[in-house]
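Novice: Just lifted these from TrEMBL, have a look:
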type	residues	note
TRANSMEM	6-29	transmembrane segment
DOMAIN	24-80	domain 'DUF5698'
TRANSMEM	36-57	transmembrane segment
TRANSMEM	63-83	transmembrane segment
REGION	180-207	region 'Disordered'
COMPBIAS	188-200	compositional bias 'Low complexity'
Amino acid sequence: MLTNALIMVAIIFAVNVVYVSLMTIRMILTLKGRTYIAAFVSMFEVVMYIVGLGLVLDNLNQIQNIIAYAIGYGTGLIIGSIIEEKLALGYITVNVISSNPDLKFTKRIRDKGFGVTSWSSYGMDGDRLTMQILTPRKYELRLYEVIKEIDPKAFIISYEPKRIHGGFWVKQVRKGRLFNPKKKEATQQKQTTTTNTDVQVKPEKEQ
């Protein structure tokens, strides 16, 4: 009897961990605009929900089952959040303010493959260099390392944009060319070839 009870507790816990993890991922996918993937995940989510809840309702007199259900719920939230962080879906916008406008900040960040918009600004203590950088979330930590390497005292604010439209940099990202030397080189060669073709002079017709 004790063995069966422990097995039931383990099953309820595991099922609820899977259910809540899927629910968390599905909610995040919905917020990110991945509607079809979210709908696919929701099918498995509902199955796990029905199975887990059914096991608890069939044994309401067993307090350990209810406790396992509750602990599984909380654990599922944590695991779902960790999975989402590992997937790193979407983009972030990073605003950087440097108190040293003489640094070759913008150029060094662009050399690392990031798209930067910069402008001069003025703070309480003097001139500032302000930059706005859009990057996929999976490159977020790499960007922070680059910024801190250039200016350890830089002021950094990051947030997730709701909608993105236009811009050559976004096109490069969607084509997988960001931080991909081979694809970037191929693109540059193609652009060079196109330019050379455009400037060629057409031969005159023979008289």
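Each residue, glycine too, has its Cβ placed from N, Cα and C.
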Novice: Under an 8 Å Cβ to Cβ limit, what residues of the same chain, 6 or more beyond the ends of the transmembrane segment (63-83), are close to it?
Specialist: 5, 8-10, 12-25, 28, 52, 55-56
Novice: What counts of helix, strand and coil residues does DSSP assign across the domain 'DUF5698' (24-80)?
Specialist: 49 helix, 0 strand, 8 coil
